[in-house]
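Asks: Please find one structure pasted underneath; my questions will follow.
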Amino acid sequence: MSKNLILILNCGSSSLKFAVLDPKTGDEKLSGLAEAFNLEDARIKWKLHGEKGNADLGAGAAHSEALTFIANELLSEELKSSIGAIGHRIVHGGEQFTSSVVINDDVVKGIEHAIQFAPLHNPAHLIGIKEAFRIFPELKEKNVAVFDTAFHQTMPEEAFLYALPYKLYKEHGIRRYGAHGTSHLFITSQVAELAGKPVDQTNAIICHLGNGGSVSVVRNGKCIDTSMGLTPLEGLVMGTRSGDIDPAIVFYLYKNLGMSMEQIEDTLVKKSGLLGLTEVTSDCRYAEDNYEDASKPEAKRALDVYSYRLAKYIGAYMAILGDDHLDAIAFTGGIGENSGHVRELALNHLKLFGVKLDVERNLAARFGKSGVITADDSTFKAVVIPTNEELVIAQDTAKLAL
């Protein structure tokens, strides 16, 4: 039987997303999520050949138990024998990795070195790699690391450097790395297709908006700047992350309010963003649904700050492109694909650039539907394109390991 399928693993600190894909057609044979690791109610849910299912993994279960369940309970002998390689999503590759690579000892060491920049994600990725080696020994030489930071490695020095003592970059690697690169790469290819141009002639501003969010600007198919920084904390307002703040706020919280560094980190990473602004939830839908409700001013407050910050980044990146033609402003991710309200608020800030929203088109482009959302006489096109990070991981893995 032909080994033409790819098993995709996206290991988080307390969850594991998985899928089995055909890299040529994008046909999804299996997808699912194992979650609540190390808790009493660790569980797994899946969709196999169109049929949904779920199960308990047992109290305290984690990556090992989840992968064992996938291999023994979900993968039939026929499906298992069709898997030719395993693709791992890796959040941070530092400067070492500029593209996807077959995993060996040196790659593992590189992922370990980048733990300092992704302390929650990279250790989980390493567990996933170790468990994949154990459970699928016949595919040990066919594991591929696909890095979220790789797409952004084409940024010029003026974009990735911070105005800190230069030795902090040279000696410690402190610079902008970005994230969501796999999504930004996929959307770049889709904008090129929409524009009828080769990727290496495509210019775009891509807004990946989900619980985490980032904007990137692409010139001739290559990223030249992005909003996330050394870590995914910088940039846009996010679900629970603050995004850009005055760094001196950290000193103030420490010196004046007596907060510990752990408390400050917890505040900026887990208690800010939409959650902090609403004081209710990190879910953007709450802010949308209650935007006009005068009794819930927190909803309007949160969505206005969110969309204003987004518009600032889009406008700045339009300026950076200069004389280069902008093929599209693209929205993707859970919020980018489904929130017509966020798109409307953000694009209305860009009227100076001649951006003109078409209200009906904007409302139609939701729930998996793509399309142009600007008017025919708009100076620039804005489009909605559902992302497909799993397909990019599958295709990169197939190129290197099949």
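For all residues, glycine too, the Cβ spot is worked out from N, Cα and C.
In case it's useful when we look at the structure, here is the feature table from Swiss-Prot:
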type: ACT_SITE; residues: Asp148; note: active site, proton donor/acceptor
type: BINDING; residues: Asn10, Glu389; note: Mg(2+) binding site
type: BINDING; residues: Lys17, His208, Leu209, Gly210, Asn211, Gly212, Asp283, Cys284, Arg285, Gly334, Ile335, Gly336, Glu337, Asn338; note: ATP binding site
type: BINDING; residues: Arg89; note: substrate binding site
type: SITE; residues: His180; note: site 'Transition state stabilizer'
type: SITE; residues: Arg241; note: site 'Transition state stabilizer'
Asks: So for His180 (site 'Transition state stabilizer'), how many other CB atoms are inside 10 Å of its CB?
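Replies: By my count, 30.
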Asks: Any idea what DSSP makes of Lys17 (ATP binding site), helix, strand or coil?
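Replies: SS state of Lys17 (ATP binding site) = strand.
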Asks: For the recorded positions Asp148, Asp283, Glu389, work out the Cβ neighbour count at 10 Å and name the residue with the minimum.
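Replies: Taking Asp148, Asp283, Glu389 as the recorded positions, the minimal 10 Å Cβ count falls on Asp283.
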Asks: Sort out the sequence-distant neighbours of Asn211 (ATP binding site) for me: same chain, 6+ apart, CB within less than 8 Å of its CB, listed by position.
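Replies: Sequence-distant Cβ neighbours: Met238, Gly239, Thr240, Ser282, Gly334.
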Asks: Express the distance between the Cα positions of Glu389 (Mg(2+) binding site) and Ile335 (ATP binding site) as a whole number of Å.
Replies: 16
Asks: For Glu337 (ATP binding site), write down the residues of its own chain that are at least 6 apart in sequence and whose Cβ falls under 8 Å from its Cβ; none is a fine answer.
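Replies: Residues satisfying the criterion: Phe331, Ala365, Arg366, Phe367, Gly368, Val384, Ile385, Pro386, Thr387.
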Asks: Between Ile335 (ATP binding site) and Arg89 (substrate binding site), how far is it from one CA atom to the other, in Å?
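Replies: Distance (Cα to Cα, whole Å): 21 Å.
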Asks: Which one is closest to Arg285 (ATP binding site) in space, judged by CA to CA distance, out of the recorded positions Asn10, Arg89, Asp148, Arg241?
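Replies: Its closest listed neighbour, by Cα, is Arg241.
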Asks: CB neighbours of Arg285 (ATP binding site) within 10 A?
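Replies: By my count, 13.
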Asks: Provide the three-state secondary structure of Arg89 (substrate binding site) computed with DSSP.
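Replies: In three-state terms, Arg89 (substrate binding site) counts as strand.
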Asks: Determine the minimum-neighbour residue: among Lys17, Arg241, listed as recorded positions, which Cβ has the fewest other Cβ atoms within 10 angstroms?
Replies: Lys17
